[in-house]
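Listed in TrEMBL for this protein:
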DOMAIN    53-144  domain 'Purple acid phosphatase N-terminal'
DOMAIN    155-352  domain 'Calcineurin-like phosphoesterase'
DOMAIN    378-437  domain 'Purple acid phosphatase C-terminal'
SIGNAL    1-21  signal peptide
Amino acid sequence: MLLHLFFSLFVFLTLIDNGNAGVTSSFIRSEFPAVDIPLENEVFAVPKGYNAPQQVHITQGDYEGKAVIVSWVTPDKPGSSEVRYGLSKGKYDFTAKGSFTNYTFYTYKSGYIHKCFLNGLQYDTKYYYEIGNGDSARNFWFETPPKVDPDASYTFGIIGDLGQTYNSLSTLQHYMNSGAKSVLFVGDLSYADRYKYHDVGVRWDSWGRFVELSTAYQPWIWNTGNHEIEYMPYMGEVTMFKSYLYRYPTPYQASNSTSPLWYSIRRASAHIIVLSTYSPFVKYTPQWKWLREEFKNVDREKTPWLIVLMHVPIYNSNIAHFMEGESMRSVFEAWFIEHKVDVIFAGHVHAYERSYRISNIHFNISSGDPYPVPDETAPVYITVGDGGNKEGLAARFRDPQPDYSAFRESSYGHSTLEIKNRTHAFYHWNRNDDGKKVKIDSCVLHNLYWGQNHQQRKSNQYRLRSLILNRASTAQL
């Protein structure tokens, strides 16, 4: 009986990593209307008190996880850029001073956008913090990650293409009950670019208040998508990513990046690389040069899990945005395999899809296999562009389902990645099924570096033991 159970488990895990029986879900979502929530709804409520801080959000502030960047907006006047924080609620033993700025977008003028850097934090610790003054002061908390360590367990949430609809609200609420500690966000935040003129800025503000229930308490690791570009020459706005760059700082300098749009961090047992699909990335560009150097900084003995975030998926079997990621695939896929990237998360396609471990690095236009093939050294590619934005679902997949596609469904939801140790992680995709969080797709991820190295070490130990025994036998003769 035990042997039969072991064999069944072996077959199951083998299918997860190398399977060829993909599933296209037949589930049809009875969805909320794909329209933005009206501005007067309580989810966009302005905090009480004159000039009270709003749109509060935090992100990791350094390379190793011992700092955070706290950001917020004061609508009427600058006020204080100070953060008071400590280890007990209401008892703030430390103070950090930040700075503020603002910007205009057509006729819209932003509030005063504050940024404050808190460093020297202890690992695995809960901090309480306060911003604002007097009756308008507001209080929050956050938890720092465990120390960077190969066996540090940690749970990430993964969200993409969120927007501010009722479907977006469902995704956000379900995520907040997931038990995850931090969000890996794969781009397309507010969808404010679906509006015009003054309303673009207004919808950035509403989105900041909308997500504050999570972003003020957990670091969201940001990435951009096409809806952050906001190239609008008819309004005289031609600076790409303008609103995003003013509002959502990233710790890019900590990883020697020259742009806030691409950077990396270490968190617990993971090394996370954020790439910008809509910035130049071909050979010799700044992003290409940075990634080449950053891969050299990855130490799998300390951070065994290597995760990449991008917006446009490079493997996608949906009709929507089909092959839009091909250019980035041709530039970076060989690097992903060479450096044993474990998993790549993307958004853009408003549906869910998970691949098997596959690659397409042998085709060079004139020769080689032009089709993706099973590859145990390749990443798993996961598309989670299903946050719930106003553009609705991408409901049409290509038929037949390609061999590399393990599971796909056109529904809203979010994912979690629960890292257990240096060798195994549990992955789940959770569907928002008419107001319920339903786990639909899941798998066990085997770490590419430690899994292969463990087998190699066992083999080396066996050969060494055999050599010693052979020499001992020879000596006795």
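The backbone N, Cα and C atoms fix where each Cβ goes, glycine too.
Looking only at the domain 'Purple acid phosphatase N-terminal' (53-144), the predicted model's pLDDT averages out at 98. Mapped onto DSSP classes, the domain 'Purple acid phosphatase C-terminal' (378-437) shows 0 helix, 30 strand, 30 coil. With DSSP states grouped into helix (H, G, I), strand (E, B) and coil, the domain 'Purple acid phosphatase N-terminal' (53-144) comes out at 3 helix, 51 strand, 38 coil.
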